[in-house]
Amino acid sequence: MTGGSNSRRRRAEERSSAAGTERNSRREAVGGMGAGPALAALLLAGSVLSATLLAPGRRAEPDLDDKRNVDLKMDQALLLIHNELLGTSLTVYWKSDDCYQCTFQPLANVSHGGKPAKPSVAPVSVSTQHGSILQVNSTSEERAACRLEYKFGEFGNYSLLVQHASSGANKIACDIIINENPVDSNLPVSIAFLVGLALIVAVSLLRLLLSLDDVNNWISKAIASRETDRLINSELGSPSRADPLSADYQPETRRSSANRLRCVDTFRGLALVLMVFVNYGGGKYWYFKHSSWNGLTVADLVFPWFVFIMGTSIFLSMISILQRGCSKLKLLGKIVWRSFLLICIGVIIVNPNYCLGPLSWDKVRIPGVLQRLGVTYFVVAVLEFFFWKPVPDSCTLESSCFSLRDITSSWPQWLTILTLESIWLALTFFLPVPGCPTGYLGPGGIGDLGKYPHCTGGAAGYIDRLLLGDNHLYQHPSSTVLYHTEVAYDPEGILGTINSIVMAFLGVQAGKILVYYKDQTKAILTRFAAWCCILGLISIVLTKVSANEGFIPINKNLWSISYVTTLSCFAFFILLILYPVVDVKGLWTGTPFFYPGMNSILVYVGHEVLENYFPFQWKLADEQSHKEHLIQNIVATALWVLIAYVLYKKKLFWKI
């Protein structure tokens, strides 16, 4: 009995050792992906908890006895205008300092005070998103009595005192005083970010600790000892039972991803997660919304990055398909079919006009995000298809190896892209637009001193309205609120598609660098850095490092070329960081962004279609609270990350 027991223990130890070796190899192959659900859950719980515990303060309650009952909304403050000028009525005008060359808009009329001790008071709400410029005019003389700039805080209570200056009876002084301090509405998003960052650091340190040999050996010995005892008991009890740790057991193998660059999927997932968050509202913070016209916000970053990494994926996937022996005719069919499906999904399924009721073809929006992706994908993929050249064998860094072969081998594509960009420049700056100055790049409305109210977007808007019609364009562009534009304008219009093609092709260039210089980390990083610098310098020249005064300002609505070069510069910089960290050194697996990056179409379409359904949205206790909106949007975004993770584990991917 003793010899039989020892023999069984030896066999169990051998199997346990073999199983441990198999587990280690699988863990190395997976690259620590098991941390995905834990990290996503921690980020979700920590961010929600931190935002929940943060009370942003109470809103300033107006004095009802003084007829100052103003219902303040999000990003607003209460301003009490005190007119202490006897016999003089006032008109107060307002404009945002973010509104470039805008005309003043009437804010309030304040009658003159009847008695010196009791001035006339008018309560108004003012925006707190950006700084405000106030101008006080005497109603009788229509002249500016005073002008001042001030940055109001959310739900704050302020008084504007208009009175005679002490230096002279004919001089008027304007002062703003704080009656009640505003709340710090940015506190929830700041704490949520810090908590999320702390959790990422904690998980990274834990993974680093587990990777140490001493800790790993201790854990392996503990597991091996426990499994050895379990195997002995299993053999004594039911020897015929199949065990996943037995030598004959064949585990289910994962789909090989050895040739897949995780940094590409991670970058795509990062852009997609940000896109979901800002599309769901981003806590209703202005910097998570699109710019009114010129300039950049967080929301303006995500779509161009998605276009860029789509270009990278086009080249990498074409190589993979052709290496598997797929015929060129079949590949062309796949390109056409994929483009067609993207456009159809955008027009029929993901269409903002559904909020108006059943889809009406008389008013259906034709341009859109997926439509733009479909057209861009088709042009760039067909361009690469017709001018395809076999990728040269990876060469060592010798003098015979031409350092720009990733560019020179694509000269026909570059010539086509430069031609397209020339067309964009020619149409933008030389196409005559009725009633508008040639080359106009402004928002129209009250911008440019109100001279061109119906010229929103210049040539880009004119082409869309001419070819598609007003009813088939986006009816509520981001310029509506600040610039009071009245014409339809679509940020995913026809002319801007040219520059999205340019951006996708720059993504193709990134893919060629990764393939042409495979296993040459220094060469890859050098070229990423070079492209980052070149595109950054182009942006500096075009914009003059100014939001509005450059030759071609950065503008998401127009998809200006400076917008493309700036965001491409950022994209190359992100790859410059991600490639060595994720694919070369393996310091980070890309979790949790890797998972939505592997199922991008499903996550995008799903988050659009299910936006108004629980658990992605619910009725809030206070609709005017940034904190509650932030919690809701974080939960919804984290849920899509978890959904992507579950689908990844089940090997379910929506490919079109």
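Our numbering is plain: 1 for the first residue shown, then up by one each step along the chain.
Quick reminder: no glycine exception, Cβ is built from N, Cα and C everywhere.
Database features, via TrEMBL:
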REGION    1-31  region 'Disordered'
TRANSMEM  33-55  transmembrane segment
TRANSMEM  189-210  transmembrane segment
DOMAIN    260-383  domain 'Heparan-alpha-glucosaminide N-acetyltransferase catalytic'
TRANSMEM  263-282  transmembrane segment
TRANSMEM  302-323  transmembrane segment
TRANSMEM  335-354  transmembrane segment
TRANSMEM  374-391  transmembrane segment
TRANSMEM  411-431  transmembrane segment
TRANSMEM  494-516  transmembrane segment
TRANSMEM  528-547  transmembrane segment
TRANSMEM  559-581  transmembrane segment
TRANSMEM  593-610  transmembrane segment
TRANSMEM  630-648  transmembrane segment
Within the domain 'Heparan-alpha-glucosaminide N-acetyltransferase catalytic' (260-383), how many residues are helix, strand or coil going by DSSP? 91 helix, 1 strand, 32 coil
Cβ contacts under 8 Å made by the transmembrane segment (374-391) with residues that lie 6+ beyond its boundaries: 307, 310-311, 314-315, 318-319, 322, 328, 331-332, 335-336, 338-343, 346, 409-410, 412-413, 416-417, 497, 500-501, 504-505, 508, 515-516
Same-chain Cβ contacts of the transmembrane segment (335-354) under 8 Å, 6 or more residues past its ends? 360, 363-366, 368-371, 373-375, 377-378, 381-382, 385, 474, 604-605, 608-609, 656
In the same chain, residues at least 6 away from the ends of the transmembrane segment (263-282) whose Cβ sits under 8 Å of its Cβ atoms read 288-289, 298-299, 301-303, 305-306, 309-310, 312-313, 316, 511, 514, 571, 574-575, 578-579, 581-583, 590, 592-598, 600, 603-604, 607-608, 611, 616-617, 629, 632-634, 636-637, 640-641, 644
On the 0 to 100 scale, where does the mean pLDDT of the domain 'Heparan-alpha-glucosaminide N-acetyltransferase catalytic' (260-383) fall? 92
